[in-house]
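Copied over from Swiss-Prot:
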- 1-35: region 'Disordered' (REGION)
- 1-15: compositional bias 'Basic and acidic residues' (COMPBIAS)
- 24-35: compositional bias 'Basic and acidic residues' (COMPBIAS)
- 86-126: region 'Disordered' (REGION)
- 91-191: coiled coil (COILED)
- 95-126: compositional bias 'Basic and acidic residues' (COMPBIAS)
- 126-144: region 'CAHS motif 1' (REGION)
- 163-181: region 'CAHS motif 2' (REGION)
- 206-227: region 'Disordered' (REGION)
Amino acid sequence: MSGRNVESHMERNEKVVVNNSGHADVKKQQQQVEHTEFTHTEVKAPLIHPAPPIISTGAAGLAEEIVGQGFTASAARISGGTAEVHLQPSAAMTEEARRDQERYRQEQESIAKQQEREMEKKTEAYRKTAEAEAEKIRKELEKQHARDVEFRKDLIESTIDRQKREVDLEAKMAKRELDREGQLAKEALERSRLATNVEVNFDSAAGHTVSGGTTISSSDKMEIKRN
C-alpha cells in the first residue's frame with residue numbers, strides 16, 4: 001500500500017531600504033518553496049508480545065504510539081528553487097512622502113516665524129520700557145539740576161544777607177563808639193576848672209582903689225583810640 005502527498009509552502013520577506021534622498025524604498029522578497037513528500041508503507045502481520053505499558057515522551061515516542069508496532073514509515077523531502085522579487089513604491093506612496101516633506105517644511109517655517117514674532121514683541125516691549133526709564137531718569141536729572149541751582153542761589157543770598165547784617169552791626173557799633181566819645185567829651189568839659197588873675201583900677205573922687213585876683217584854667221587831657 002502506497003500514496004503520494006504534495007505540500008506547498010510560501011515564505012515572504014520584506015526589506016526596507018532608505019536611499020540618499022531620504023525616501024524609503026520597500027523591497028519585498030517573495031520566496032516560494034515547493035515541497036514534495038513521498039511515503040511508502042509496508043504492512044506486516046502484527047506480533048503480539050505482552051509487555052508492560054511504557055509511556056514515552058518526545059517526538060520519537062509519540063510517532064511510535066501513533067504508527068504502532070509492525071509499521072515502518074520513510075519520507076523524503078525535496079526543496080525547490082527560490083526567486084527574489086524587488087518592488088518599487090507606488091505613485092501614491094511617493095506623493096504621500098512628498099506631501100509629508102512639504103508639510104514638514106511648512107511647519108519648520110511656521111515655528112521660525114512664530115519665534116521671530118515673539119522676539120520682535122519682546123524687543124519692542126524692552127525698548128519701550130528702556131525709553132520710559134530713560135525719560136524718568138532725564139526728568140529726575142532736570143529736577144536735581146533745578147535743586148542744585150536753587151541751593152546755590154540760597155547760599156549766595158544767605159552769604160550776602162550775612163555780610164549785610166555784619167556791615168549794619170559794624171555801623172551800629174561805630175555809632176555807639178562815637179556816642180560814647182561825645183559823652184566823654186562833654187564830661188571832660190564839665191570837669192574843667194578856671195583860674196583867672198584880675199586887676200581892676202578904680203579911680204573916684206573919694207580916692208584910689210586897687211583890687212586883684214588870679215584865675216587858673218585847667219582841663220583834663222583824654223586820648224581816644226579807634227581800631
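Positions of Cβ are set from backbone N, Cα and C atoms, glycine also.
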Average model confidence [pLDDT] within the region 'CAHS motif 2' (163-181): 94
Counts by DSSP class (helix H/G/I, strand E/B, coil) across the region 'Disordered' (86-126): 36 helix, 0 strand, 5 coil
